[in-house]
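Student: One structure follows; several queries about it will come next.
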Amino acid sequence: MTRFDPFFQTALDDLDRRHLKRVLSPVDRDGPVIVRRDGASLLDFSSNDYLGLSHHPALRARAIDWTERFGIGSGASRLVTGTSEQYRQVEARLARFKGTEAALLLASGWQANAAVLPALLRISAAQTGEPALVFTDRLNHASLHHGCQAAGVRQIRFAHNDLGHLEHLLAQRQAQRGLRFIVTESVFSMDGDRADVAGLRTLADRYGAFLYLDEAHATGVLGPQGRGLSAEAGGVDLAMGTFSKALGGFGAYVAGSRAVCDWLVSTCSGFIYTTALPPGVLGVIDAALDLVPTLDAERAHLAGLADRMRAGAGALGWSTGPSSTQIVPVIVGAADRALTLARALAARGMLGTAIRPPTVPAGSARIRVALSAAHDETMVDRLLSALEDAAREHGIAP
C-alpha cells in the first residue's frame, strides 16, 4: 500500500457509483466464438475476430514454424539489430495487398496512431514553418485524438461523417500556410458505420490535403479481397490498420508511399524505440495474408449475419444507429441499464459487452455486438431471443 492509495480508492469508488468502473473478467477461449467464464460457456459477441481466424490451423502452424526456425523474440528495435528477412517479406506482401509502394509494421493499433501522427504532422512545421492544419472526425478513435494531441496541434473537428461541414472548414482555411491533413476512420468501431472514403479522397485532392485513414475495422472485411475501403476509393495517402481483428493475430501497419514510410522510420518514436514484433507473430500475419484474399464467401456470410442482427434488433424496438457493417450497437442509453442488460445476457449464455462513457457519448451506452464469420444464423437468433427475454425481465424498454 502507498500513501496515495486512498486518493485512488476514492476516485475508484466515484467511478463505481456512476457505473463507469472497469474490471477485468477472467475467461478461457474455446475457439473463435466460445468463451468459458465462471464455469459457464458463453457465445462471444464482443470479439473483433471478424473472420474467425484467431484459431485457424494455418495461422497456428505458421506461428509454430517461424518460432522454431527464427526464435521467440526479436531482441531490440529494428534500427538497433537490423531488419530480418521475415520482416522484409511481410512488409512487401502487405504493400502489395494494400496496393501501395511500401508498408511498415508496428506493435499495435493504438501505438500506430499515437506515434505515427506526431511524426507525420511534424512535416508541416519543418517545411512551411507553420503547424499542420488537422481536420478530424468528431467520433474518431481515442488513439487518433491522442496522436494529434501528442503532436501539439489543435484539431479542427468536423461533424461525424459530414463532408459538407468538412469542406466548409477546409475552404475557410485556404489562405493558411500549414499543410492540411484529414484524419478519420473507414469503419467506426462503436457505431459500425462507414466513412465516404471516395468523397474524402475528392476533398483531399480539391484542397491539397493529406488523407490519413484508420482501417482497423475494415481490413480483411471490406473492400475487394478484404483490402479495406481505401481500395474502393483509389487509395489514400496513408492507410493504417491492424492484424489483431479480422486477421486473427497481433500488430498494426501503415501503408503508403516509400517517402512517407522512410520518413516514419527516421522520425516515428513508436517505431524507433520499440522492440520489433516476434517471429511467431510475423508468421501469423504472413499466413493471414495468404488466406484473407480468398475469403469472399466468409465476408458475404458475415454481412448477412449483420443484416439479420440489425433487422432482428429493430423488430424488437432497439436502435442500432447508423451501423452498416459487422459492428451492430444495441443502443440502451444509461450506463447502468447497459450493465444490467450485459449481465442478464451473460446469464443466458451470451457475452455482449456494455460500452459506456467516455468510450461513447453520455446517454448512448450500448451492447456492442461484434459479429464473426464463425457465427451462424442460429447463434444470432439465440442472441436476439436472449436480448428480448433479458430486457423484459429487467424492465429495460428500447
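Placement of Cβ uses the backbone N, Cα and C atoms for every residue, glycine included.
Worth saying up front: this structure is predicted, and the values here are computed from it rather than measured.
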Student: Which one, Ser74, Ser77, Ser84, Ser189, is listed by Swiss-Prot in the same pyridoxal 5'-phosphate site as Gly109, Trp110, Asp214, Glu215, Ala216, His217, Thr242, Phe243, Ser244, Lys245?
Tutor: Ser189
Student: Kindly point out which candidate in His141, His301, His394 is recorded by Swiss-Prot as part of the substrate site with Arg22, Arg29, Thr359.
Tutor: His141
Student: Where Gly109 (pyridoxal 5'-phosphate binding site) and Arg22 (substrate binding site) are concerned, what is their Cα separation in Å, rounded?
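Tutor: The Cα atom of Gly109 (pyridoxal 5'-phosphate binding site) is 21 Å away from the Cα atom of Arg22 (substrate binding site).
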Student: Taking the Cβ of Arg22 (substrate binding site) as the centre, how many other Cβ atoms fall within a 10 Å radius?
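Tutor: There are 8 such Cβ atoms around Arg22 (substrate binding site).
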Student: For each of the binding-site residues (Arg29, His217, Lys245), count the other CB atoms lying within 10 A of its CB, then report the residue with the highest count.
Tutor: His217
Student: If the pyridoxal 5'-phosphate site is taken as the center of the Cβ atoms of Gly109, Trp110, Ser189, Asp214, Glu215, Ala216, His217, Thr242, Phe243, Ser244, Lys245, which further residues of that chain fall within 8 Å of it by their Cβ?
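Tutor: Output for this site, in sequence order: Asn48, Thr219, Met240, Gly241, Ala252.
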Student: Other than its own, how many Cβ atoms are within 10 Å of the Cβ belonging to Gly109 (pyridoxal 5'-phosphate binding site)?
Tutor: 24
